[in-house]
Amino acid sequence: MGPPGAGKGTHAGMLAGEVAVPAISTGDIFRAHVAAGSELGRTAQQYVDSGAYVPDEVTNAMVRERLAEEDARSGFLLDGYPRTLDQAAVLDDLLATQGRDLTAVIVLQVDRESLVRRLLRRAEIQGRSDDSEDVIRRRLEVYAEQTLPLITLYGGRGLVHEIDGNGDVEAVRERILQVTYTFTPAT
Ligand code: ADP
């Protein structure tokens, strides 16, 4: 977990490789559907482009399908999901029916100024439709309103590991790996 620009995608890909599970990014899946022009993509695009969350029922159904795939059977790393209390409840139910549970929640903490700087730079490089200044501000607000409460929820279960996400990618990567080896054996 972490606000937009915190580095979730960068580090999720790295960490998933390290612990040999698939990284599942709801943002990436939505963008792929938008690019492919699928029905789900047409539904998601208006929300993604405005910085709002895609409705929970749409996102939950998509994640349910993804987690049922073969490669997620022995583990998974979720990037950008759950982001609302409703999504967290649906995920709890889903995992309970499968007799499994979350192992850990990694939260990347980054100063607001750095977040905005990183996102504006990414806008220049990648041209993501939701990286304009107005939409970035909206995404940060939505995160604070809808997603921060999940840190309290998971914190109460003793799952949360807060990581300083400031500084360069390599330094953050080292911090994440150190913490990860406290709850999962090195592969
Ligand atoms: P970021 O976290 O940097 O904003 P993402 O690529 O993770 O970037 O998400 C981009 C957009 O995709 C979000 O602003 C939202 O519109 C949509 N999205 C991604 N994950 C979810 C989710 N779990 N629930 C609802 N919408 C989501």
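Backbone N, Cα and C define each Cβ position, glycine as well.
These features come from TrEMBL:
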BINDING   Gly5, Ala6, Gly7, Lys8, Gly9, Thr10, Arg122, Gly167  ATP binding site
BINDING   Thr26, Arg31, Ala52, Tyr53, Val54, Gly80, Tyr81, Pro82, Arg83, Gln87, Arg128, Arg139  AMP binding site
REGION    25-54  region 'NMP'
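Residues 8-9, 12, 62-63, 66, 78-81, 83-84, 128-130, 134-139, 142, 146 of the same chain lie 6+ residues outside the region 'NMP' (25-54) yet bring a C-beta within less than 8 angstroms of a C-beta in it. Put plainly, the binding-site residues Gly5, Arg122 were compared by Cβ crowding within 10 Å, and the winner is Gly5. Note on the binding-site residues Ala6, Ala52, Val54: the fewest other CB atoms within 10 A surround the CB of Ala52. Counted within 10 Å of its Cβ, the other Cβ atoms near Tyr81 (AMP binding site) come to 22, all protein chains included.
For ligand 1, the binding-site residues lying close by, meaning a CB under 6 A from one of its atoms, are Thr26, Val54, Tyr81, Arg83; the full candidate list was Ala6, Thr26, Val54, Tyr81, Arg83. Considering only the binding-site residues Lys8, Arg128, the Cβ with the fewest other Cβ atoms within 10 Å is that of Arg128.
Take Gly5, Ala6, Gly7, Lys8, Gly9, Thr10, Arg122, Gly167, the residues named in the record as contacts for ATP: the widest Cα to Cα gap among them comes to 16 Å. Sorting the region 'NMP' (25-54) by DSSP state (H, G, I as helix; E, B as strand; all else coil) yields 23 helix, 1 strand, 6 coil. Rounded to a whole value, the Cα-Cα separation of Thr26 (AMP binding site) and Gly167 (ATP binding site) is 25 Å. For the pair Gly167 (ATP binding site) and Arg128 (AMP binding site), the Cα-Cα distance reads 23 Å. The candidate set comprises the binding-site residues Gly7, Gly9. Of these, Gly7 has the most other Cβ atoms within 10 Å.
Averaged over the region 'NMP' (25-54), the predicted model reaches a pLDDT of 96. For the binding site of AMP, formed by Thr26, Arg31, Ala52, Tyr53, Val54, Gly80, Tyr81, Pro82, Arg83, Gln87, Arg128, Arg139 according to the record, the largest Cα to Cα distance is 25 Å, rounded to a whole number.
Between the CA atoms of Arg128 (AMP binding site) and Lys8 (ATP binding site) there is a gap of 16 Å, rounded to the nearest whole number.
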